[in-house]
């Protein structure tokens, strides 16, 4: 079993409103989010703790999109996996610069983080991948999927023009079966930091004052000069999640999202019903995947997979247990 975090860590999830029932399915262990000390006072960092008897959080169902023709809610699938991954360390993360929507690639450490993230999810089904339009998120998605047991090839879907879409068509049905579509969307981009982009964070604090920079970085509705607030980022990211990604989950597709700290915080805020005060203290580690199960219209938080050696991590439901067994036969 993967090593657990310190026994002094505090559980940072809300008490479950209801127990998740999966029939005769048994789990060897469970993984939950925990609070850990962070460099920012009052902030929460998502980590891991192993507990054999703990229950998972059941999130209230998101409002499902209606069919434009009939006005009815689409038929729900039995269950689907939703994986969220913040990209690995970028070159500007390493230099302590405000990055925002500047398109910066991963460092060697970030590449390794993406590979390790892929190992954690290598037994979890993935049918479609969503990333931002930024290279660090796309690199993370590609490197992660290269570790998957199914060995399917992630292929970026080009729809920026009719010609780009036409020229990138795949005409072999067998090849399509061995591929995973990767859909890029600017709505999943990092928060746009405006005039702070490219500035050193420490030098900016020295120039404008620590309190002012902290307000720009951590407040919910105060944007930096000519930039976006977290509230503005959440508006576009959550709208896209509701309109484009939830229908995939409803149809039974297993989805992975590789994106950024603020766009993913926005989605987690929506899934976990966090307040504006709770979300500003939420910190996401680079390269640590988080798993939700979409079941009967509800999002069930499962924490972060601990690694392929932890069999109980993948046997969350009867379906995933059977999926994992089939992978072992490949």
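For all residues, glycine too, the Cβ spot is worked out from N, Cα and C.
What TrEMBL annotates here:
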BINDING   86-93, 99-100, 136, 190-193, 201, 217-218, 261-262  substrate binding site
ACT_SITE  87  active site, tele-phosphohistidine intermediate
ACT_SITE  190  active site, proton donor/acceptor
SITE      260  site 'Transition state stabilizer'
CB within-chain contacts under 8 A for residue 191 (substrate binding site), separation at least 6:
100, 227, 228, 229, 230, 232, 233, 260, 262, 263
Go through 100, 261, our binding-site residues, and report the one whose Cβ sees the most other Cβ atoms within 10 Å.
100
Out of 89, 190, give me whichever of these recorded positions has the highest number of other Cβ atoms within 10 Å.
190
Distance from the residue listed as 'active site, proton donor/acceptor' back to residue 89 (substrate binding site), taken between C-alpha atoms, in Å:
14
Which one of the recorded positions (86, 87, 201, 260) has its C-beta surrounded by the most other C-beta atoms within 10 angstroms?
87
Pairwise Cα distance for residue 261 (substrate binding site)/residue 190 (active site, proton donor/acceptor) [Å, integer]:
7
Could you state the CA-to-CA distance between the residue listed as 'active site, tele-phosphohistidine intermediate' and the residue listed as 'active site, proton donor/acceptor' to the nearest Å?
10
Provide, as an integer number of angstrom, the distance between the C-alpha atoms of residue 92 (substrate binding site) and residue 190 (active site, proton donor/acceptor).
13
